[in-house]
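Listed in Swiss-Prot for this protein:
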BINDING   Cys175, His177, Cys194, His197  [2Fe-2S] cluster binding site
COILED    1-51  coiled coil
COMPBIAS  92-106  compositional bias 'Polar residues'
COMPBIAS  113-122  compositional bias 'Basic and acidic residues'
DOMAIN    134-235  domain 'Rieske'
Amino acid sequence: MQSKLLGLQDEISEARDKLRTSEARVAQNLKRVDELKAEAASLERMRLASSSSTDSTVSIASRGGAAVAATTSVPDHVEREGIQSRVRGSGMASTSYPSHVPQPSQAVRRGPKPKDSRRLRSSLELEDGLRNFWYPTEFAKKLEPGMMVPFDLFGVPWVLFRDEHSAPTCIKDSCAHRACPLSLGKVINGHVQCPYHGWEFDGSGACTKMPSTRMCHGVGVAALPCVEKDGFVWVWPGDGPPPDLPPDFTAPPAGYDVHAEIMVDVPVEHGLLMENLLDLAHAPFTHTTTFARGWPIPEAVRFHATKMLAGDWDPYPISMSFNPPCIALSTIGLSQPGKIMRGYKAEECKRHLHQLHVCMPSKEGHTRLLYRMSLDFWGWAKHVPFVDVLWKKIAGQVLGEDLVLVLGQQARMIGGDDTWCTPMPYDKLAVRYRRWRNMVADGEYEEGSRNRCTSQYDSWPDV
């Protein structure tokens, strides 16, 4: 064991050296982010200047304005440090809607769009159809009794906490009295107390206490159906009660140990980030200071689909899948820790790294990213002091390399460009994800088609 610890310490030391050598590249990326923000701000000024000239420019502004604001207001802690993993909790709430609660379906809806799912099209909008899914919002073990976790979902603020029975619950993060964020208060005996006037709310959203005044019954805030499963807290923001429980694909595979669970708020539209995660052809060009450092440029990169939304990469030993509505799973075959086995399938390798990415649409132009990393070897390594800090640092460097690119794409889309003007064969999985999004936008995606290929899927061209 001592020799293993010494070996791991050497590898950690080597990893730290590599991270230090990437500082210049990260600084360049941050400078480019600043330039892209300035360019996006310039585009917004141009849009505002021309908004009164024609009706068409007004229409464009309504589609892009919110995304421009998101791009031009990147917080300093995001732009200067790449990513900051925020340790927050996770919870579980009632699956019924109380009578006093306004339903999520009462939110303002956009008008219908022409149905054309076969054509690829980029979008920065959050389609209404995306609401009718279960969403992982936080890692369950990070929600301790007495803790609150605020988050946004489809532009609505919510807060997670554990009720008097330690069951996770989710209510709107806005007091029914004066709209003060409830997450600024505290949890008392499983109820959230507003810090403004002391009103208290239970897990169903009902107000249970109004100090210093006569109690008004029937007052409350909205609540979402919420369950805890596979180490995540899931919520249902859709229309009416959920039809079933969350899916079964998020648990770590048998024989794997979880080594890292990281949450990051990213100032990028969740679909752009998902398409980036579903693309490996960019790795040797983008991730030159992290995991793909030293990778040779392949003569050809291919994705061999084994299912409609899953398959294997060639020549990389990586299997990957997209799982509606916003989850990417990947298994990477390793010859040794940190080294891939080119020319093999992941299943043919002896060691594996399993990744789960959740790209939750927090609001237009912003994503709540949940990342879980598991290994089927080195189970003892998760007990090494501060090793989680190393994993988070590495994950931050990788995301930083991607962030400058997807922020650039987002700025171009705001200016009217299309990210799918020239798709290539190695874009197959990302293309299929985008066609799925197009189906959701057009109202063509059926709940029963989630786990099987439909005739609509079968008719999709890949490029």
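Glycine is treated like the rest: Cβ placed from N, Cα and C.
Note that the structure is predicted; figures quoted are calculated from it, not measured.
The binding-site residues considered are His177, His197; of these, His197 has the fewest other C-beta atoms within 10 angstroms of its C-beta. Across the coiled coil (1-51), the model assigns an average pLDDT of 59. Sitting within 8 Å of the Cβ centre of Cys175, His177, Cys194, His197, and not among those site residues for [2Fe-2S] cluster, are the Cβ atoms of Ala176, Arg178, Cys180, Leu182, Tyr196, Gly198, Trp199. For the binding-site residues shown (Cys175, Cys194), fewest C-beta neighbours within 10 angstroms: Cys175. Secondary structure of the domain 'Rieske' (134-235) per DSSP (helix as H, G, I; strand as E, B; remaining residues coil): 6 helix, 44 strand, 52 coil.
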